[in-house]
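Here's the structure, in C-alpha cells; my notes come after.
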Ligand SMILES: O=C[C@H](O)COP(=O)(O)O
C-alpha cells in the first residue's frame with residue numbers, strides 16, 4: 001500500500017499545557033524505546049488550542065517525529081470573531097493537520113456540511129491538511145442507511161474541493177454510536193465504509209485521487225482492536241479519543257503491526 005498509515009490522537013477537552021508536554025514526551029520515549037519506524041507511520045496528536053504552543057516547543061526543541069494539529073478552525077482568517085481560532089495561527093504554530101466536522105462539533109455546535117466545506121477550504125488556504133470527520137448516528141445504522149447517509153455528509157463537506165486538494169485530504173469515518181461508548185464497529189464495518197468512501201472519491205474525482213486519499217476509522221479504538229481494523233485494505237489509520245490520553249496505550253495502537 002502506498003498510503004502512509006496515520007495514527008491520530010484527538011485529546012478533545014482533556015489535558016492542560018503542562019500535562020500535554022508530559023504526555024508527548026512519554027509517547028515519544030515509548031515509541032523510541034520500541035524502535036518505532038516514524039518514517040513508515042505518521043503519529044499525530046490533536047491537543048486543545050491552549051496546549052499547542054507548548055507541544056510545538058517540545059517537538060521542535062527535542063526534534064520529535066510527532067505531528068500535531070488543531071481540533072477545529074475558523075472559516076475566517078482574522079477579525080471580530082470572538083473565541084475563534086484562525087488556520088493561520090495553527091499554521092504559524094507548526095501544525096500539520098486540523099480536524100474538521102468532528103461529530104461533537106456537528107452535534108454541540110450545529111456545524112453543517114456547508115460550514116465544514118468552508119472549514120476544509122480554510123484549512124487548505126493556510127497550508128493545513130484537514131482531517132474531515134463523517135459518520136452516522138445509531139438510528140441511521142439501525143435503519144441500514146449508514147453508507148448513503150455518510151456519503152451524503154462527505155459530498156456536502158467537500159463541496160468545491162479540487163482534485164489537487166482531494167489527493168491530500170484525510171477522511172475519518174466515525175460512527176457516532178461507537179464514540180466514547182466502548183462499542184467498536186467491527187473491522188468489517190470499518191472496511192465497508194472506508195471502501196464506500198474511497199469509491200465515492202473515485203466517482204467524484206478519479207481512481208488516482210481515490211488511491212491517495214487516506215481514510216481513518218474512529219470510535220472506541222484500543223490497542224486490542226487496532227491491529228484487525230488496521231489490517232483492512234481501505235483503512236489507512238485510526239482517530240483515537242480516550243485511548244490517546246494514555247501514552248502507553250496510544251503507543252501500542254501506533255505499533256499495530258509490531
Ligand atoms: O476523535 C475521536 C473519536 O471521537 C473517538 O473517540 P473514542 O476513541 O474516545 O471513542
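Cβ atoms here come from the backbone N, Cα and C positions, even for glycine.
For 10, 11, 12, 180, 220, 241, 242, the entry in TrEMBL reads substrate binding site. There are 20 other CB atoms within 10 A of the CB of residue 220 (substrate binding site), with all protein chains counted. DSSP gives residue 220 (substrate binding site) a coil state; it is part of no helix or strand.
According to DSSP, residue 102 (active site, electrophile) sits in a coil region rather than a helix or strand. Cβ neighbour count for residue 102 (active site, electrophile): 28 (other Cβ atoms within 10 Å of its Cβ, all protein chains included). Look at TrEMBL and you will find 102 tagged as active site, electrophile.
Look at TrEMBL and you will find 174 tagged as active site, proton acceptor. The C-beta environment of residue 174 (active site, proton acceptor), restricted to residues of the same chain at least 6 apart in sequence and closer than 8 Å, consists of 102, 103, 133, 134, 135, 217, 218, 219, 239.
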Three-state secondary structure, which DSSP defines for residue 12 (substrate binding site): coil
Most Cβ neighbours inside 10 Å, all chains, among the binding-site residues 10, 11, 12, 241: 10
10, 11, 12, 180, 220, 241, 242 excluded, remaining Cβ within 8 Å of their centroid (substrate): 14, 179, 240, 243, 244, 245
